[in-house]
Amino acid sequence: MANSSSISLSNIQLQHLTHITDYLNTLQNYTNPLDKNPFYHIVPGFYLTPADIVLRNNIIDLSGTFQSPTPSLAYHRAGPRKQILFNPSTVKAAIVTCGGLCPGLNTVIRELVVGLWELYGVREIFGIKAGYRGFYSYEPVLLNPKMVDDWHKRGGTVLETSRGGFDLNKIVNAIQDHGFNQVYIIGGDGTMRGAVKIFEEVKQRKLYISVVGIPKTVDNDVGIIDRSFGFQTAVEMAQQAINAAHVEAESAVNGIGLVKLMGRSTGHIALHATLSSRDVDCCLIPEIDFFLEGKGGLLEFLEARLKESGHAVLVVAEGAGQDIIPRTESQKTEKDESGNLVFLDVGGWLKSELKTWWSRDHPNELFTIKYIDPTYMIRAVPANATDNSYCTLLAHSAIHGVMAGYTGFVCGPINGNYAYIPVDEVAKAKNKVDTKDHKWSWVRSVSNQPDFIRS
């Protein structure tokens, strides 16, 4: 066994974090106004330095059985810096929300406005309406703390949002024309890919502008960071749908409650909702292939469960089973405004298939299936207390990084510690459910569902 005293941190690879002075090296530094903020005590260690880092992998196997990634990746820790690169009196900040709705959007907007105003004394803060297209299609909305005071209590986004509308030259030209020098972009992986292009174009033009992404996806499919804001609220709300499905199923003869939850490419909401509920008999996620007919299939499992308990609850993520749902030729290539393949309704398809199966194999027996799709109910609710607190930390982390002069980054927690991650890394990374880890095994032990491996 390896001796713990032999552990070395010499093989750490610190990921490069772009600073505006990398391409504009004549800019002036300013003392952080937090020095004079009566609500902060500037004790040793309050201000962070480039030496403060966060490790991406903080688990080490001392036995040597499993090799740790080499080199170990690290990121700059998020937080305030002693010196900042922006004079607060000349800051003109823009905040934009893109893509679908997610609990916590309004909280992030509110905390960006209040944080810029109260922490750094910024007075010119603008909201961009209707997503990326809003930069060149609508007039910016001037924001202040009084205006956004109760926004965290509202669902959706007061700034409004849209998909698509990404025209790089129009967007960057509009940013320049409006005089924005800080751009806060809130959105999912598609939005982050757009943020990468904006950042690269700003850098190419050598503009005194900082671009930061705040990752938003209710599915929790953004990679590297621990979780996305809104996810915990979504899991909490999903419980209500599962509870209703369980009541409906339990109250019928041979009743099945079918719940479709969000999760195009990952099944995190379905997985965590299943673990939290304990009433789910089978959880289907995009990371797991399943089949209906034959030994070890879904129908065999449900028949046994109905015979044993008289009811069953089935949870399915929207991206599950897309490869086995029949598609027309046009449906095989149909895409939405964000460029994503349009998914067919796996819940509606499953409901139809289950009804067909029962009427075929049990023509004279009672059967009820209730299908619940709470997608838009979940997306539209305000953030819960946990997500509200998380949104504040994300917003403040973003502000501190931007004021210090960093650009082209995303802020988020890695192993519980907030870090600045290059936006291009986040745009590429996916947070898939690891079906080989303990959590998925726990799901199967709770539900007793099959592994759907054909004999």
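All residue numbers here begin at 1 and follow the chain in the order shown.
A Cβ is built for glycine as well, from the same backbone N, Cα and C atoms used for every other residue.
Listed in TrEMBL for this protein:
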| type | residues | note |
| --- | --- | --- |
| DOMAIN | 93-400 | domain 'Phosphofructokinase' |
| BINDING | GLY100, ARG163, GLY164, GLY188, ASP189, GLY190, THR191 | ATP binding site |
| SITE | GLY190 | site 'Important for substrate specificity' |
| BINDING | THR217, VAL218, ASP219, MET262, GLY263, ARG264, GLU318, TYR376, MET377, ILE378, ARG379 | substrate binding site |
| ACT_SITE | ASP219 | active site, proton acceptor |
- prompt: C-alpha of GLY190 (ATP binding site) to C-alpha of THR217 (substrate binding site): distance in Å?
  reply: 10
Listed binding-site residues GLY100, ARG163, GLY164, GLY188, filtered to Cα within 10 Å of THR217 (substrate binding site): GLY100, GLY188
- prompt: Just going by other Cβ atoms within 10 Å, which of the binding-site residues GLY164, GLY190 has the emptiest spot?
  reply: GLY164
Task: Only counting partners 6 or more residues apart, tell me which same-chain residues put their Cβ under 8 Å from the Cβ of MET377 (substrate binding site).
output: MET237, ALA241
- prompt: Are there residues of the same chain, six or more positions away from GLU318 (substrate binding site), whose CB falls under 8 angstroms from its CB, and which are they?
  reply: LYS260, LEU261, MET262, GLY263, ARG264, PHE343, VAL346, GLY347, THR375
Chain-internal residues near ASP189 (ATP binding site), provided their CB is under 8 angstroms and they sit 6+ positions away: PRO215, THR217, ASP221, VAL222, VAL426, ALA427, LYS430
- request: Do me a favour and check the Cα-Cα span between GLY100 (ATP binding site) and ARG379 (substrate binding site); whole Å is fine.
  value: 8
Query: Hey, how far is GLY164 (ATP binding site) from ARG379 (substrate binding site), Cα to Cα, in Å?
result: 19
- request: Measure from the CA atom of ASP219 (substrate binding site) to the CA atom of GLY188 (ATP binding site) and give the result in Å, rounded to a whole number.
  value: 9
Message: What's the number of neighbouring CB atoms sitting within 10 A of the CB on ASP219 (substrate binding site)?
response: 28
Message: In whole Å, how far does the CA atom of THR191 (ATP binding site) lie from that of ARG379 (substrate binding site)?
response: 17
Field: Average pLDDT across the domain 'Phosphofructokinase' (93-400), rounded to a whole number
entry: 95
- request: Quick one: pull the CA-CA distance for ARG379 (substrate binding site) versus ARG163 (ATP binding site), whole Å only.
  value: 15
Field: Inter-residue C-alpha distance, ARG163 (ATP binding site) and ASP219 (substrate binding site) (nearest angstrom)
entry: 17
